[in-house]
Amino acid sequence: MSIPAPEHNPQLLAAAIAPREGVLKKILRDPFGSGGIVVIVVIVLLSVFAKLLAPFDPAYVDIQATNMPPFTDGHPLGTDASGRDVLSRLLVAGQLTLIGAAVTVVISLVIGVVTGLVAGYFAGPFDHAASWTADMLMVLPSKIVLVALFAVIGPNTVVTMAVLGVMVSPGIFRLVRSLVIGVKNELYVDAARVAGLSSRAIIGRHILYTVRAPIIIQAAFIAGIAVLIQAGLEFIGLGDPSTPTWGGMLQEAFLAMYKAPWLILWPGLMIGLFVSAFILLGNAVRDAMEDSAKVKVPKKDRLRTSTMAVTVQPGRRAANTPAIASGSALLVVDSLVVGYPLPDGELKRVVDGVSLSVNEGEVLGLVGESGSGKTQTAFAILGLLPEEAQIAGGALFFRGEDLIGMPEKARVKLRGKSIAYIPQEPMSNLDPAFRVGFQLVEPMRAQLGLSKSEATKQALELLARVGIPDPKRTFDAYPHQISGGMAQRVLIAGAISCNPDLLIADEPTTALDVTVQAEILDILRGLQKERNMAMVLVTHNFGVVADLCDTVAVMQLGRIVEQNSTAALFAAPVHPYTKMLLDSTLEGTPARAPLRRAESPVRVITTEDDRPREEALNVSRSV
Ligand SMILES: Nc1ncnc2c1ncn2[C@@H]1O[C@H](COP(=O)(O)OP(=O)(O)OP(=O)(O)O)[C@@H](O)[C@H]1O
């Protein structure tokens, strides 16, 4: 492998080595972030100094003064059913909650991060064993395990929360493992290897640094969840009765709800505030880190960076983003399993352990014969699987965010805006009851908040961009009044209308005749380059792959049997199934029009970036 030294550019260099300061500043500037920090700091200080601040002994019982309302007889928050001071108990209860949350976070991070880094980086038997153990832990219902634990060890909050840490560590393990798989083949990691750094140093410096942001965010969420679970256990009577706890106070307040309803307010407020503060802080940290991860490169330099010479090694991802600006992959599919339940209760696995990653601006071809699971993989990424389908294993991450665990609302937003889709059957994807224009304008108004006239203007421009000769006429037409080729152009215009980062095109030319196919592929190629969009192109046509894709994954019976850069796969296919598919493509059908056109000397290699693709074309012709 050779990694040519990039030309020195003072501005790029400055951007790359600029100190990554300002994350804390950004968090503090975000009202939710600063609010979250203030709430957490105040609660921590109140809990740490609880003994000093508490106006009464929290255990002192005064049966003459039960269920007193706030501000009575020197009790700022009143007294409980045993006449104990509520404020004093509330302050002291915070200590155990903090300790419990800290234990859960530390244990889950230590286990999840260490195993995730090792499994993701080294793969092999450790990865198999760790993934299997994580799957086993994930299927255990954590709350039931904790209740059962109580029967064995009795009320011991620290041990209970440590066990919770073990139970949630598979979530961190999966996240870290997927992120590591996404970055471990980046060119800067290769460069570190070439420079002689040990694996430990590479993991500790390069990889951990890249994956730290999602880990910090996840830790904040785990702290919030730990507080909730601890309070829930205490509420059902599984807390330590010798110490005041927020969940225990909630339970006592619940029993006295009709006599002293205000008692519910205080522990409820503390739990709610603490959990919300962690979640808001987690979101603010994510926003701040995403922001600061973007290296600001002057516009005029962006073109130069993207055309920096990169030699693609067989088996490596053809990365066309510069190392200094790249982080983890845009899309990571990790050991995905999709199945359909059969009448005998078994699961028919139609996607069986698929792992992929797509970088920003990268085009991945997903190839395989009919029924191999390409569309099901694409649908799982899009969150469009039919109801009866089950995601039986694995994980999906888009920009480091867990797609499977994401609330449907967030998923829908993402799907409309950041991940777009072009389907196989253009006609059946346009509603016959509405004009084409309406179907383009409505999503743009909803997603981009444009006015009707602005959206109409943009829709007409997009129709022109996708090669529709009379955009106004098509805009006003009903779907039955346009051809299949036109309909596919309309769908492409719709898919790119919100400037997606990732476009999933599922056999976008299958339903079209050969001449239109070539034009549609030209449009897709042009748009991808213009916008530096990442693409997952589902196809069974290797000609299309050679023409458009940087990398290829070959699927057979729900599994990926071979994955490589396009150039390497065409030059030396390894798996017999890939060879068979390649042979049948080249023997069976005439080459597609762009391939034939590319044989003429008209096409000129303009950038280093085009090389792998051009090589692939040449190879495909020569095979
Ligand atoms: N709703 C469903 N219930 C049961 N099995 C299904 C369902 N939908 C798809 N499958 C099965 O999933 C498998 C994979 O289908 P998928 O559509 O992903 O294949 P594909 O590789 O995209 O093929 P094609 O190129 O024909 O679209 C097939 O065996 C199919 O029968």
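Even glycines carry a Cβ here, placed using N, Cα and C.
In TrEMBL, annotation is done automatically, which means it is predicted and not curated.
According to TrEMBL, the feature transmembrane segment maps to 32-54, 98-124, 144-168, 215-233, 264-285. Here TrEMBL flags 94-282 as domain 'ABC transmembrane type-1'. The annotation domain 'ABC transporter' is assigned in TrEMBL to 331-582.
With a cut-off of 8 Å on Cβ pairs spaced 6 or more residues apart, the transmembrane segment (215-233) and the transmembrane segment (32-54) reach fewer than 3 such pairs and are scored as not touching.
144-168 is the stretch from 32-54, 144-168, 264-285 with the greatest number of Cβ pairs below 8 Å to the transmembrane segment (98-124). The list of residues near the transmembrane segment (144-168) in space but at least 6 beyond its ends in sequence, with Cβ under 8 angstroms from a Cβ of it, reads 96, 99-101, 103-108, 111-112, 137, 222, 225-226, 229-230, 233, 236, 238-241, 245. Restricting the average to the domain 'ABC transporter' (331-582) gives a pLDDT of 88.
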